[in-house]
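Notes to accompany the following structure.
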Amino acid sequence: MLTLGLESSCDETACALVDADAQIVANVVSSQQYHASYGGVVPELASRAHLQMLPSVVNSALEKSGVSLDDIDLIAVTHTPGLIGSLAVGVNFAKGLAIGSQKPMIGVNHVEAHLYAAYMEAKNVEFPALGLVMSGAHTSMFLMEDPLSYKLIGNTRDDAIGETFDKVGRFLGLPYPGGALIEMMASQGCEESYPFSAAKVPGYDLSFSGLKTAVLYAIKGNNSNSRSPLPDLSQKEKNNIAASFQKAAFMTIAQKLPKIIKNFSCRSILVGGGVANNKYFQTLLQNTLNLPLYFPSSKLCTDNAAMIAGLGRELFLSRKTTQGITPCARYRWESVADSLSPHP
């Protein structure tokens, strides 16, 4: 069975092929670089770029794998959550491929696919597992009874962790996206230089907006007027701010996990999303949690279509098909509270 996956939920246009053994045959990603000049993703520009790039990334994936569309058995496409225009372009393109080739099609949840990316490369994952997604748009924790079961435990109440990194990067004068650059600067700074901390939210939820504001005030000092320009800082000061911020942001997440693991009897942890590629965070969890940890490889942390094809294949084989595939910007997961699961 050969599955073709399509991903277009934000600013990456991607196509991948996964075979019957869930092995990646081809994985092509086209990133839209011009959003950097705007300091973030411009939805209309992203949609137009997907429309332009989808045919070429599909052709490239087919060429790399040495197959044609006739050899494809299933088409999987991201349909939620994400930028509605970008999702619509991907879903409609997938529908055209499915109709033209007379192949079955299945819709895939982008966030769930990030967790499946870790599962794809792991061996003998024990369930129930804690699923942690950390990206530019999401910071969510899930109870996973199996690879296809996702019940929401906790969520960010404001900014996502990746979004917070990008905004702090902007404060430090870094180009968009700023996450990887902050990690690099932090490795050269002192994480004890600034006593940053995020808001302590009751229960399992998270909050990063206060931490972001604290960093801004630390940079501006006494001149904290919102309209005042950001001062020039030495590279040493920037490195120290980056290190202190990074520690505070990740400790906020890490401190929530032991209670979740205990209350929901989690036997392993799956982590996904672009921020999961941060080596400081990986080391932090490895040093503080006594459970098997599974992170995707770097190529599967950021948005890609291999995770879409992999999860789509699994859903199809499990007969968990999507009826009436339509793009949807937001998605509401069943909560553990809905199932009367343990509360903090």
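Just so you know, the numbers here start at 1 and follow the chain as drawn.
Cβ from N, Cα, C; glycine included.
Every protein chain considered, the tally of other Cβ atoms within 10 Å of the Cβ of His114 (Fe cation binding site) stands at 30. For His110, His114, Asp303, the entry in Swiss-Prot reads Fe cation binding site, with the evidence type sequence analysis.
In the three-state DSSP reading, Asn278 (substrate binding site) counts as coil. Listed in sequence order, the residues of the same chain lying 6 or more apart from Asn278 (substrate binding site) and placing their CB within less than 8 Å of its CB are Gly179, Glu183, Gln246, Phe250. Sequence annotations record features per position, and here Swiss-Prot assigns substrate binding site to Val133, Met134, Ser135, Gly136, Ala137, Asp166, Gly179, Asn278 based on sequence analysis.
Excluding His110, His114, Asp303 themselves, the residues of that chain whose CB lies within 8 A of the CB mean position for the Fe cation site are, in sequence, Glu7, Ser9, Thr78, Val111, Ala113, Ala117, Ser135, Gly272, Gly273, Asn304, Met307, Ile308.
Among the listed binding-site residues, namely Asp166, Asp303, the Cβ with the most fellow Cβ atoms inside 10 Å is that of Asp303. For the substrate site listed in the record, the two most distant Cα atoms among Val133, Met134, Ser135, Gly136, Ala137, Asp166, Gly179, Asn278 lie 17 Å apart. The Cβ neighbour count for Gly179 (substrate binding site), using a 10 Å radius and every protein chain shown, is 24. When secondary structure is read from DSSP and collapsed to three states, Gly136 (substrate binding site) falls in the coil class.
Nearest to Asp166 (substrate binding site) in space, judged by Cα atoms and limited to the binding-site residues His110, His114, Asp303, is Asp303.
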